[in-house]
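Participant: If you look up TrEMBL, you'll see HIS258, ASP309 marked as active site.
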Amino acid sequence: MSELTKGLEGIVATKTKVSSIVDDQLTYAGYEIDDLTENASFEEVIFLLWHFRLPNAEELQNLKGQLFDNMILNPRMYSHFEDYATDQIHPMTGLRTSLSYLAHFDPRAEEFNEDAHLNKAIRIQAKVASLVAAFARVRQGKEVVKPKKDLSYAANFLYMLFGEEPTKVQEEGFNKALILHADHELNASTFTARVAVSTLSDMYSGVTAAAGALKGPLHGGANEQVMKMLSEIGSIDNVEDYVQKKIDNKEKIMGFGHRVYKNGDPRAKYLKEMSRKITDETGQKELYEISVKIADLLKEKKGLLPNVDFYSATVYHSMNIEHDLFTPIFAVSRTSGWIAHILEQYADNRIIRPRAEYVGDVHRKYVPVSER
Ligand SMILES: CC(C)(COP(=O)(O)OP(=O)(O)OC[C@H]1O[C@@H](n2cnc3c(N)ncnc32)[C@H](O)[C@@H]1OP(=O)(O)O)[C@@H](O)C(=O)NCCC(=O)NCCS
């Protein structure tokens, strides 16, 4: 057996064409995210991740149409939110349930061939946006909003969430955020998705398992915790004490550090700039200033740099998005990457089954319960 590597750090577990991190640059199918974030739509990125090339005009139009058509949920899907969409349940818990429940309404859920896989891919990608928006509205006692034709994926999500069309600036900002979160090599949730489907289980199992992994605060759950921290800090005068206490208590500060990037997360610079602009526009400049001060202190004291979750928190907050929806929104975007990896896993599958080093007791003998 090979040597144990805690957290599988540095272990190469699969080959992929979906995305890669080379010299601290993130690329999707060979395109740098800087290029895509500046120029592409999220729909083009979805196609790129699933097909390893950008779509032509007709393919893009088709994909947009299919995504819109599939955003509408089965009526029973809408009504199930009435049962559990409340403030007592974290929306990621709700999303995990709903992703699984989607399979109940897919007549091709158990079909196993390329066409069925792509059909499921589009259904899931389209519906995940509707699931998150519907949960958020129902728990506020509001009517569910159905998608609107001819809106982009980014705009439709915001429309279904808020009940009104976003401005161009909001749509563009959200489109960029979706692109930046779409995929990230073999992160924990993507690996989870690949493990689940490597048993040849269905795509719904893969994305449901992945959503469960994303929920944790060490992964996608970090963005919500960042906002919690900023609220706790409250004012720029409190930053230094807060950070020092965390360092002294050896507590982690959410939104910092990364398993792979040690020179900074390439996605953070976009989100930082978006955060600067949007907090300024919405009269919440101090939130940005607090964030920058935390980042400066952590760099100076611990050599730690912000990751994708740090500035995305203030961006979403300034868009009036409820804090516990930050991680579900991450999931809406990352679903595209999960699906890409699931398709890739199916195309060249071998069950993922590593070994464990046993460190428990040995040579024990059964003792009847009456003698214990
Ligand atoms: C992302 C993360 C899980 C990576 O974990 P990892 O690769 O296992 O790295 P480690 O947790 O072993 O961190 C290495 C060192 O940096 C420190 N460190 C890492 N991230 C830290 C953080 N956010 N705050 C304070 N210290 C941190 C660790 O305490 C450790 O220090 P030590 O060697 O003195 O024990 C980790 O950085 C983290 O928990 N970050 C906060 C959660 C977060 O923002 N997640 C989103 C990731 S996109």
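Here the Cβ of each residue, glycine as well, is placed from N, Cα and C on the backbone.
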Participant: Using Cβ-Cβ distances, find the residues under 8 Å from ASP309 (active site) that belong to the same chain and are at least 6 apart in sequence, listing them in sequence order.
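Facilitator: The list for ASP309 (active site) reads GLY220, ALA222, ASN223, VAL226, MET254, GLY255, PHE330, given in order along the sequence.
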Participant: When you measure from the Cβ of HIS258 (active site), which residues in the chain that are at least 6 apart have a Cβ under 8 Å away?
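Facilitator: Counting only residues 6 or more apart in sequence, the Cβ neighbours of HIS258 (active site) under 8 Å are ASP265, LEU305, ASN307.
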